[in-house]
């Protein structure tokens, strides 16, 4: 009798052990793959501000600039795995683009949720595209939400665009069925070829908060509605975007930060008119900082292993010629790199993390003279930074001459 | 727990920056700050008290001492390397903004060749197992201790009564900040267990002239 009672009790306790209490079927979830953030243009677009998290015109805080958020949702069951014969549908069917406005990120997402039956899920978020206007005013408010939310991956990308971010998100590439996936793949691959710094969210936030180093984000642009061009990177001081670099400058930046593999190619010409395209393969950079008379000096030694990819207007490549090309490319790189550093110094953006290195390796000096990031910027603007580039051309391809 | 930790630590070396770790002694660290940190980490290694509670019941009590010291060293090395790699990736300023840096690290990690796009799920599962076994071993300590205190052998009854009490204690902190306040405030108990108590035992043993012979 006692055993029977115990047995029933045990079976009954099983009822409390039901798992998956927060289960959501895939179809019931609205997987957001990409978010685009713009300022809402109140004069041209017409919309009503939904009263979800606040009463009408009663959102707390002074900043009354409205964000327009465009979210791209994956339509479950429509995304095909692997290639599919009929691609005439384009990406219009596999994804669903929704727009809403809000005073903050969460406010806008709440408004979005109000329109949807499915639960919004940010775990598959691949890319956040931000309009450069917002980036110039500061990203802190957007970052806070993305950091705080436990669903958002830190390997997602954030990209800046000077066009309408919503337009970029809706590019319809024929290669991938979902635009947001295509976008993030573009950036991932660019990083793998050594064309972009490791700039996904987690890394960007670390640079942003560190003392003596400033962050950067890729800058993208749509061409003809179906392609994405990486037009360089936007760089930041604190969390405000200050300026941008062109891809060739970016190559210099990557070389100085020792990001491998190398991927950028430069064109140089020798005295007899031959034009050579030299691709960097491996970059090696040493940042030496010395303190002299209470002033920091930095010498950056960059060594680049390179190969010649193309030779035009001439056909006499040999040992002597190679040395000449090396010299020419060194001159060019020295000039470009030094100019680049100068322009960053003028803006006060310490992209190479020289401040962080001073803080780490000369902490005594840092604590006596610098201490705050503002003070460091002043010192940084006036400090002497020299770049020495040394190209080593190791390969010339399959042609002897 | 060790394998997921390896998965997290290994690939994150690529994101580590030397300037996050230097200077090794830190920026103007005072003895008090150092003590504050050491106090917290003591809580992670109080498990050996549990081992010492079951040593008397083992067959080869002597060989246990050596292996438990090894286990202790390995565990401390893991704690040390995890903290170091977190620091190297995030830097000391950023790391202060986070509740759980290792979890964030797990969310940041790219496993090579895209085998897994989210490591943190595996990490969390392993973590939950680790937490439950730890909690359970502490509970064992509680039951065992209570039984010895009241000189009974009714372990079942003690563990039955103990569960609701533990549950109620777990419900006291209302939010995460408060939880961390409790952790800080109870840290002195661990200091007592890790440092004061063994020394006390050693002193008593010296006074009573007992050599470490197996009972």
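The backbone N, Cα and C atoms fix where each Cβ goes, glycine too.
Range B:69-90 is the one annotated as transmembrane segment, of B:69-90, B:91-112 (source: TrEMBL). Looking at the stretches B:6-25, B:186-205, the one that TrEMBL records under the feature transmembrane segment is B:186-205.
In this chain, the transmembrane segment (B:186-205) lies close to the transmembrane segment (B:38-57): three or more C-beta pairs between them fall below 8 angstroms, excluding pairs fewer than 6 positions apart.
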